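A.B. asks: Pasting a structure here, questions to come.
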């Protein structure tokens, strides 16, 4: 999935309201980081010698940094607060960011003009840090302002854009990025002191090192620097990978949600057409439709991801080459070469940013480029190649193994599953056969005891079907939970833990000397016997078990509906609605054809 892909076909205000504060949470710590060298280093040099800044400019830089730090702190509080405190911190944080932008713009426009200083003056890294910081602060202000407008828009549901999900995610984003930026800032301070560098040179060195590019233009020369570098690199590389994975995961989830909504809409439109054209539902047609739609959507999604990722990558590459070729006075071809060399974290060292503006831009550009490359090279291309490889493997298996197609889950299901209406009808027929033919012929009327016994039989069937239904459902859920998904892992863990507690409580009632296990879960294995291992613990494994459990699940549910309608004494249309079926005539050959 593309890291920058906010996939939705119908962008609405609520989606924007959710993303904007998260964007602000990611950018805010970096704005503060760039403000530090903007205050502590000189903006200008005259004849290659740093020139002291005007006192008023230093005061404005200090004020801007102070508002930046306060605004960052308020953002963290904002993402940790409930509704009323959230309103207050949002207003104050937005105000602080706006003041920061205004102060920085005044500082740059009044004291940052080189033309007012005469000839021989050049911009140093600190000036460009101030420019980058005000740009980032401007984006943050706009994002928070949009979120504020959306959150209190009359047509929007306030609880969604201020929901706990947004607050928790935003706080997590900001804390993770803050840890990363703090490590970069602390490392820059330490190495600037040990290696006698400027503070921004330390920032540049830490970013280049954490990205594993290694141009070789900055390297530790002291023994202390070489020793301290190891723990910093160890933490920075891990934290950077964690932050990138977090951002990629967020946008991938957004993409999956949009894809799910699109699939649901396609199914809705299909069912509306089928209701008009073919009012009699068919299980085989429904399975085939869902199978075809899933494969078609998967293919389309892969194509969309490739197109988007290639577009982002090429655009980023071409624009980056144009920027660095201008800043470093390279040819455009050299700019292209430099960009893909550091994109892929090769870093030969033959090309590296040398200008003051080039290094500042590189720090920002590289931290954006790495997620783009991670999305393009690692995520999209890898997943596409895996999909192609998977389909080619399936094709080879089907070509060389005639029985393979029969083992496929969807195809096997079409041959094994009876329609729901037939399952319910068979369950009713079986129930009537079990009761015996014409048991009321002698009396012509049912006695109270007969009615009571019949109701007890129905109640027993309902209870047995319910327990069997729970067993089939639990085994399917435990077995089919996605191990790579945190929510699925939690659900599977909960189901296993719940079953283990039930089993232990029953065993404690049976006692240690119990020889025969109780078959309470309906699988016929006596799972409640001491020492026995239940299938519910490990779930289902393999297509054959899945088919068997699905078949048992549907049969148990059909039995439950048939017995329930009998117990409720429903007749005619009411009974059919309760049983979720139409009236059919059972054919003796049906079971033979499908078995």
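Our numbering is plain: 1 for the first residue shown, then up by one each step along the chain.
Using N, Cα and C of the backbone, Cβ positions are placed for all residues, glycine too.
Fair warning: this is a prediction, and the values are worked out from it, not measured in the lab.
Checked TrEMBL, it gives:
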| type | residues | note |
| --- | --- | --- |
| TRANSMEM | 19-38 | transmembrane segment |
| TRANSMEM | 58-80 | transmembrane segment |
| TRANSMEM | 92-111 | transmembrane segment |
| TRANSMEM | 123-152 | transmembrane segment |
| TRANSMEM | 173-191 | transmembrane segment |
| DOMAIN | 181-250 | domain 'Potassium channel' |
| TRANSMEM | 227-251 | transmembrane segment |
| TRANSMEM | 306-324 | transmembrane segment |
| DOMAIN | 313-378 | domain 'Potassium channel' |
| TRANSMEM | 336-354 | transmembrane segment |
| TRANSMEM | 360-388 | transmembrane segment |
| REGION | 425-450 | region 'Disordered' |
A.B. asks: Can you name the far-off residues of the same chain, 6+ from the ends of the transmembrane segment (173-191), with a Cβ under 8 Å from a Cβ of it?
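C.D. replies: Residues 22, 25-26, 28-30, 32-33, 36, 72, 75-76, 79, 197, 199-203, 205-207, 210, 220, 225, 228-229, 232, 235-236, 239-240, 242-243, 246-247, 250.
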A.B. asks: Does the transmembrane segment (123-152) make contact with the transmembrane segment (19-38) through 3 or more Cβ pairs under 8 Å, each pair 6 or more apart in sequence?
C.D. replies: yes
A.B. asks: If we call contact 3 or more Cβ pairs under 8 Å (sequence gap 6 or more), are the transmembrane segment (92-111) and the transmembrane segment (58-80) touching?
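C.D. replies: When sequence-distant Cβ pairs are counted, the transmembrane segment (58-80) touches the transmembrane segment (92-111), since at least 3 lie under 8 Å.
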A.B. asks: Going along the chain, which residues at least six beyond the ends of the transmembrane segment (19-38) come within the CB cut-off of under 8 Å?
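C.D. replies: Distant Cβ neighbours of the transmembrane segment (19-38) are 6, 61, 64-65, 68-69, 71-72, 75, 78-79, 125-127, 129-130, 132-133, 136-137, 139-140, 143-144, 146-147, 150, 166, 169-171, 173-174, 177-178, 180-182, 184-185, 198-200, 203, 247, 250, 254, 360, 364, 367.
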